[in-house]
Each structure stands twice: as C-alpha cells, then as structure tokens.
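Asker: Below you'll find the structure I mean.
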Amino acid sequence: MSPEMGELTQTRLQKIWIPHSSGSSRLQRRRGSSIPQFTNSPTMVIMVGLPARGKTYISTKLTRYLNWIGTPTKVFNLGQYRREAVSYKNYEFFLPDNMEALQIRKQCALAALKDVHNYLSHEEGHVAVFDATNTTRERRSLILQFAKEHGYKVFFIESICNDPGIIAENIRQVKLGSPDYIDCDREKVLEDFLKRIECYEVNYQPLDEELDSHLSYIKIFDVGTRYMVNRVQDHIQSRTVYYLMNIHVTPRSIYLCRHGESELNIRGRIGGDSGLSVRGKQYAYALANFIQSQGISSLKVWTSHMKRTIQTAEALGVPYEQWKALNEIDAGVCEEMTYEEIQEHYPEEFALRDQDKYRYRYPKGESYEDLVQRLEPVIMELERQENVLVICHQAVMRCLLAYFLDKSSDELPYLKCPLHTVLKLTPVAYGCKVESIYLNVEAVNTHREKPENVDITREPEEALDTVPAHY
C-alpha cells in the first residue's frame, strides 16, 4: 500500500474521513497551521459590543433556539470566568491602563477558549457562543487564530446601541441584579456601571466594513431598527441571522392553552378530530371571560385546523387565525386508539416510544422531533408578535413550552400541560416568567408519566401502570 493510501481515521464529531497522522505530516502541524475547515465544522459565535448592549440577552435566546431545533449549543460567558478569578470592587478593574487587570482578563479569555475547545471537540457540541465584549481587534484576532487552529467556523454578532433610553433600561433590568452589584446602592451601581462603559469606549473598535469584509457577521443597530449582514457561510449562520432579525424586546405576554376537553379525551383515545365535550364547552366560555378580564391590547388568537381548538376559539367572539402547523402530533396507525389498545396491538411500538419518547415516530405518523421542526415557523412568528393566545394541543403545547422555558429534549415530552389551564408567559431579562391559571372547569387527566419498566418484554400491567384513568 502506498503512503498516500495509508490508514484513514474517522473523526467522531465531523463524520468525515481524513488522512491518518504520520511523520510526513509534520509540516502541516507546525505552529500556526490549522485543521482543515469542513462544511459541517463546529461554529463559534462571537459577541461584540459595549456593556449594556444586550449581548447576554442575545446569547441566551440564540442558544435556547439552537438547542430547541436540535443543534447542541452552549454559552461561555466571560463575566462568569472573571468573577471566579477575582472579586469585583469597582470600574477601575476595567481601566485600559490597569495592566494587572488586563492580564487577568486575558487569562480568563484563554480559560474560556479552552472550555470552548473541550465542548466543541470532545463533548459533541456544535455551536459555542462566546459572550464577552470582544471590543478590540487584538482580542478578536486572538479568537480567530484559536478558531483557525482548531478548524472552527466563526460568526460575529455585534450589538450597537446609541439610544440612552435603551441603555438605561438595560442597566435597570439586568445590571442592577448582577452578581457584581449584590447588596449595592442603586445610584452607586448606575454610576459605577456607566464609568465601566466609558472604560470600554476608549479602545472600542467596531467591526469595519472594509477591514473586516472577509469575516462573517451581523451588526444589530438599536435593538433591531437596522441590520448589516456580511458573508453568511452556511445553514447555521443563515438560521442565526433569520432568528436574530425576528426577535424583539417589546414587553408582551404569550398565553398558551389546550382546547377544551374533547369527546375523545373522555374516552382516553389519542389524536382524532372530535368536538368538545360538555365540560369542554364550559371551559371555552370560561376562557373567553378570562381573556376579557385581562384587558389585553391587540391580542391575536391562533388555533390549529382541528375542530376542538376552533370550537374553543369560537367562544371568544374575536377573530382568530388557523395554523395547520399547530395540529396535534400525528399518531399514525395509533390514531383514535386508547393506550390499552396500543399495548394490545402494538406492544413493541408502545415500549419503543417509552424508551425514547422524543425521537420515537409512530408508524405512518410523527415524533416529537418532527413536531419541533414543524413548529419552527410558529416560534419565529411568535417572536415577531406581541400579545398572542395560542389554543393548541398537548404535544404541541409541550414543544412550544420547551422552547420558552429552555427544556431539554428528554424533558419536553413529559412537560405537564393539563386541560382547562392557561399558561401566561412573560419574557423577562434572560428567561420567561410563567403563571399557571386554572379556570375551575373539571377535565380528565391526559398526562402519562414514563413507566419504570420500558423493556419490550415487560408485562402489560407494567406498560399501562402510568396510564391516566378514563371512561
């Protein structure tokens, strides 16, 4: 066998074949060389911008979104590394001539980059969000060199804001509660933080259209009033841009609820397209009274194409919009069956679903993973809107709730979304405030916990142990 046809080694994460390392590749490994960058290489998303420009807000939301669509993503917040290294006293730590502090900050950046490498190359991560100011060309060059050496793609997100009102609101909402300012006087916090911003302004070098024309980036001006996008390289970067151009910070609430109890719910049958039960109709009117009591301005109402959500919305007496994407998960051959019937006719399928409920796909039907992909346009539109009431179904509501509450794929299929209960979601600084409102109309329980025994050879009694009661 010729040297050129030597052993091939598959890289576990990139799923591609590269020549096995040998003595002849010494030149390729010399200092300053880089790993080849492939189409599906891991990506580093690098935040850029002065303090109080919403970088951590963007990092958190983007990470939540990418994880939800199935792209393993993690935030590396440099402020946390700095707080672990040294306790914060005041803005003087960030003075450009504080050489001791500069060295500490650089060491923190290197420690964070080491963790980024471990995550992307050894923990099966695909996107690392490097959340820091990264305001100098020197710091960005350090990151670019690091990415080149490890074969990572780089995408910059720069948040630029010159509106004093927006900056002040960001400081009020986020920085006053920062670990740097625990138990500090409000006015002193504001004064110190504004001086910290001034320290960064001295050496701030924004991404430049000419000098950085070879880089991939998006510049966001004044919380989304204007955008500049340059050299988007791949699918992940294009989805990132699309997502960032849809989010906003306008105060609003999203109301999630299921349809009223249906005739098939009462009988313990999944799926189907039945109408509301007597109690389901009572709930529809209770929902109308609740929504009216909230005094919500410009409320939009969305339903699926299914009879039970439409009947629930009709009681509101307001215009509503039907989304096919909001239809319940397709149970395929198991549509309109009870869990007992599924266990009787398809015991192996029933066990396989219990083993991996998120990825299991019903024969001729869908999985929760499929449902998440179907619901992505709904999430995008929810991010664009202000006040919305979504009347949907159990599996659909679980997927939407998992997005807003940052739940993993293992947790998602078991989130509790009871009938006749409204969840009010109000976005806050780095997450979502949840209020659960039960509207005092009884309904059957449709929630089935994961049974202890998920083996295919289990007894029927073990398989049906967590099935809720029904008529």
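Any Cβ shown, glycine's included, is placed from N, Cα and C.
The active site annotation in Swiss-Prot covers Asp131, Cys161 and is backed by sequence analysis. Look at Swiss-Prot and you will find His259 tagged as active site, tele-phosphohistidine intermediate. Annotation comment: Swiss-Prot describes Glu328 as active site, proton donor/acceptor. Positions annotated as ATP binding site by Swiss-Prot: 49-57, 170-175, 350-353, 394-398, Tyr430. The beta-D-fructose 6-phosphate binding site annotation in Swiss-Prot covers Arg82, Arg105, Thr133, Arg139, Lys175, Arg196, Tyr200. What Swiss-Prot records for Arg258, Asn265, Gly271, Arg308, Tyr339, Arg353, Lys357, Tyr368, Gln394, Arg398 is beta-D-fructose 2,6-bisphosphate binding site, and it gives similarity to another entry as the kind of evidence. As annotated by Swiss-Prot, N-acetylserine applies to Ser2. What Swiss-Prot lists as phosphoserine is Ser33, Ser141, and the listing cites similarity to another entry. What Swiss-Prot lists as region '6-phosphofructo-2-kinase' is 2-250. Sequence annotations record features per position, and here Swiss-Prot assigns region 'Fructose-2,6-bisphosphatase' to 251-471. The feature site 'Transition state stabilizer' is assigned by Swiss-Prot to His393.
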Asker: Using C-alpha atoms, which one of the recorded positions Gly49, Tyr339, Lys357, His393, Gln394 comes nearest to Arg82 (beta-D-fructose 6-phosphate binding site)?
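Answerer: Comparing Cα positions, the candidate nearest Arg82 (beta-D-fructose 6-phosphate binding site) turns out to be Gly49.
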Asker: Can you give me the Cα-Cα distance between Gly49 (ATP binding site) and Thr133 (beta-D-fructose 6-phosphate binding site) in Å, rounded to a whole number?
Answerer: 5
Asker: What is the biggest Cα to Cα gap, in Å, among Arg258, Asn265, Gly271, Arg308, Tyr339, Arg353, Lys357, Tyr368, Gln394, Arg398, the residues listed as binding beta-D-fructose 2,6-bisphosphate?
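Answerer: Output for beta-D-fructose 2,6-bisphosphate binders Arg258, Asn265, Gly271, Arg308, Tyr339, Arg353, Lys357, Tyr368, Gln394, Arg398: max Cα distance 26 Å.
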Asker: Of the recorded positions Arg105, Thr133, Ser141, Arg196, His393, which one has its Cα closest to the Cα of Ala351 (ATP binding site)?
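Answerer: In terms of Cα distance, Ala351 (ATP binding site) lies closest to His393.
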Asker: Fill in the CA-CA distance, Tyr57 (ATP binding site) to Ser141 (phosphoserine), as an integer in Å.
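Answerer: About 24 Å separate the Cα atoms of these two residues.
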Asker: Would you count the other CB atoms within 10 A of the CB of Thr133 (beta-D-fructose 6-phosphate binding site), including those on all shown protein chains?
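Answerer: Thr133 (beta-D-fructose 6-phosphate binding site): 20 neighbouring Cβ atoms within 10 Å.
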Asker: Just to confirm: which same-chain residues, 6+ apart in sequence, have a Cβ under 8 Å from the Cβ of Lys357 (beta-D-fructose 2,6-bisphosphate binding site)?
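Answerer: For Lys357 (beta-D-fructose 2,6-bisphosphate binding site), the qualifying residues are Tyr368, Pro413, Tyr414, Lys450.
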Asker: Among the binding-site residues listed here, Gly49, Gly271, whose Cβ has the fewest other Cβ atoms inside 10 Å?
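Answerer: Fewest other Cβ atoms within 10 Å, among the binding-site residues Gly49, Gly271, is found for Gly271.
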Asker: What's the CA-CA gap between Thr133 (beta-D-fructose 6-phosphate binding site) and Gly271 (beta-D-fructose 2,6-bisphosphate binding site) in angstrom, rounded?
Answerer: 49
Asker: Using DSSP with the three-state reduction, classify Gly271 (beta-D-fructose 2,6-bisphosphate binding site) as helix, strand or coil.
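Answerer: Note: Gly271 (beta-D-fructose 2,6-bisphosphate binding site) is coil by DSSP, not helix or strand.
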Asker: Can you figure out which of Arg105, Asp131, Arg139, Cys161 (the recorded positions) comes closest in space to Arg258 (beta-D-fructose 2,6-bisphosphate binding site), comparing Cα atoms?
Answerer: Asp131
Asker: Taking 10 A as the limit, how many CB atoms besides its own sit near the CB of His393 (site 'Transition state stabilizer')?
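Answerer: His393 (site 'Transition state stabilizer') is surrounded by 23 other Cβ atoms within 10 Å.
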